[in-house]
Amino acid sequence: MEDTSHQSHQHAEMDERHGLEPGSDMASAMENLALAPKQPGYGKKRAGRGAVSSGLTHECGVFGAIATGEWPTQIDVAQVICLGLVALQHRGQESAGIVTSEGNCAKNFNVHKGMGMINNIFTDDSMKKLKGNLGIGHTRYSTSAASEEVNCQPFVVHTAHGALAVAHNGELVNCESLRKDVLSRGVGLSTHSDSELITQALCLNPPEGEDGGPDWPARIKHLMQLAPLSYSLVIMLKDKIYGVRDPYGNRPLCIGKIVPLTIGAYRNEKVDKLPAEGWVISSESCGFLSIGARYVREVQPGEIVELTRHGIKTIDIIDCPENRRHAFCIFEYVYFARSDSIFEGQMVYSVRLQCGRQLAREAGVDADIVSSVPESGTAAAHGFAREANLNFAEVLCKNRYVGRTFIQPSTRLRQLGVAKKFGALSENVAGKRLVLIDDSIVRGNTIGPIIKLLRDAGALEVHIRIASPPLLYPCYMGINIPTREELIANKLNAEELAKYVGADSLAYLSVEGLKKAVQLNMAVKKPEQVGHCTACLTGDYPGGLPDELEW
């Protein structure tokens with residue numbers, strides 16, 4: 001039988017930090033839920049993932065670039081990719097890699113990969129080795145495989161027809177069945193990564209066979225039929241790049257055009273009229289302007305696009321299974337994406353602003369000022385303030401230099417919790433009734449210390465408003481959401497959570513309110529196909545739960 005005495009002591013400490021009497025009904029309920037046995041089947045696939053103390057983590061971003069015109073190009077393709085990955089750094093900070101091709105040799109690619117942040121991996125010396133006219137890159141946070149250099153992407157394999165490089169954002173739902181299929185064909189796998197599995201699956205001959213060499217579009221289409229969820233892929237061959245988005249459109253992917261630097265950012269020409277010096281493909285559009293590119297469009301759900309020196313073209317579009325609706329991850333809007341990225345014809349910042357407006361309609365409160373937990377809740381806080389006709393004021397000052405520390409603080413300092421990360425702007429707080437907006441609550445272990453900090457700075461009332469619905473279910477499509485037992489919304493309702501964290505009140509945005517905010521200004525061509533994945537909020541998984549979910 002497991003010894004829980006140490007855990008009980010930890011929970012008593014936590015109760016004291018949040019103003020709960022150790023042994024009280026609320027404290028006991030929290031402890032019982034925290035010590036409850038984990039649900040069966042949730043551990044296997046996630047066993048190797050990096051530990052996350054709080055919040056959510058995305059697992060990766062993908063990026064590709066190809067120069068147009070005569071090769072060798074004057075564009076430094078490796079630099080473009082590196083800057084593109086820097087713009088996607090928020091999607092993963094464990095490892096990164098770049099693979100380039102000069103376009104004339106099918107046998108060898110130039111490769112550099114490593115653990116850590118992008119600016120530490122790609123030095124001047126390593127960048128000089130990444131010569132090429134096209135390339136792909138990846139920045140990673142692990143989900144389905146451990147944080148080790150062997151799992152760094154892009155993956156490169158050497159086939160009978162030349163080298164192939166693949167970078168993947170997402171997580172295969174039917175990983176185990178696909179793994180058995182690949183292994184049964186005599187293919188060896190050196191890692192537990194979904195992405196290596198995809199790379200090897202692409203090396204399989206499609207069912208209809210091939211004449212005179214590999215039919216890569218047919219191979220990609222075969223993979224998409226074997227695995228409908230969840231991925232955005234960039235696939236590089238000797239002289240071309242394929243971009244692939246799963247048929248549900250669960251993961252984002254978009255295309256940009258590299259334009260001459262003589263063209264100013266605010267000229268009125270439409271992007272399709274501008275000359276192309278190259279093309280880029282990326283998980284998000286946020287880095288395009290910084291590399292001299294313009295946003296063109298999203299890759300459509302199920303679409304296979306081909307990028308060559310001559311331009312881009314659609315190869316095929318695979319329909320959603322059984323004509324289901326698309327299921328773009330709604331938490332890209334809520335949390336993961338950078339505010340200046342564009343999805344579904346709208347900027348993420350505008351959607352977050354609208355979430356705040358909707359939240360004010362649903363859960364308004366008498367207060368003096370509105371503020372946010374920076375920077376994630378700021379856009380929603382501005383929307384809330386405008387809708388409620390209240391002033392927005394900053395109340396928390398974020399320390400930019402907080403990193404991991406090897407110094408274990410004393411019990412007293414640990415009780416201050418968040419003090420090292422935030423300071424309170426006491427002149428804005430003192431004597432005020434405050435609405436504090438955050439984008440989400442996951443484990444609920446950071447909001448309590450923030451509230452204490454604000455009360456210590458003189459706040460009369462602190463009302464917490466969350467610009468998304470409560471997180472209730474884990475995700476198996478590329479987001480590292482904790483198990484159900486770790487999600488605070490499964491333990492306490494809003495009223496109980498307010499008491500637990502020391503707030504005067506707490507309210508979430510409704511699921512319908514979030515959908516309304518997201519879909520208000522969408523650019524929609526086929527309304528009957530529009531849909532968003534809300535599995536982590538509702539338990540309604542796209543395509544249903546697989547029979548043998550190995551996590």
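Cβ coordinates are placed from backbone N, Cα and C, and glycine is handled just like the others.
Automatic, uncurated: that is what TrEMBL annotation is.
The following features are taken from TrEMBL:
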- 1-24: region 'Disordered' (REGION)
- 1-20: compositional bias 'Basic and acidic residues' (COMPBIAS)
- CYS60: active site, nucleophile (ACT_SITE)
- 60-310: domain 'Glutamine amidotransferase type-2' (DOMAIN)
- CYS329, CYS475, CYS533, CYS536: [4Fe-4S] cluster binding site (BINDING)
- SER376, ASP438, ASP439: Mg(2+) binding site (BINDING)
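Around the Cβ of CYS533 ([4Fe-4S] cluster binding site), 27 further Cβ atoms fall within 10 Å across all displayed protein chains. In this structure, the binding-site residues ASP438, ASP439 were compared by how many other Cβ atoms lie within 10 Å of their Cβ, and the smallest count belongs to ASP438. Counting every protein chain shown, the number of other Cβ atoms lying within 10 Å of the Cβ of CYS329 ([4Fe-4S] cluster binding site) is 29. Candidate recorded positions: CYS60, ASP438, ASP439. Nearest to CYS536 ([4Fe-4S] cluster binding site) by Cα distance: ASP439.
If you take the Cα of ASP439 (Mg(2+) binding site) and the Cα of CYS475 ([4Fe-4S] cluster binding site), they are about 18 angstrom apart, rounded to a whole number. In this structure, the CA atom of the residue listed as 'active site, nucleophile' is 18 Å away from the CA atom of CYS533 ([4Fe-4S] cluster binding site). Of the listed recorded positions CYS60, CYS475, CYS536, the Cβ environment within 10 Å is emptiest of other Cβ atoms at CYS475. Within 10 Å of the Cβ of SER376 (Mg(2+) binding site) there are 18 other Cβ atoms, across all protein chains. Same-chain residues with CB within 8 A of the center of the SER376, ASP438, ASP439 CB atoms, the Mg(2+) site residues themselves not counted, are TYR335, SER372, VAL373, GLY377, ALA380, ILE437, SER440, ILE466, ALA467.
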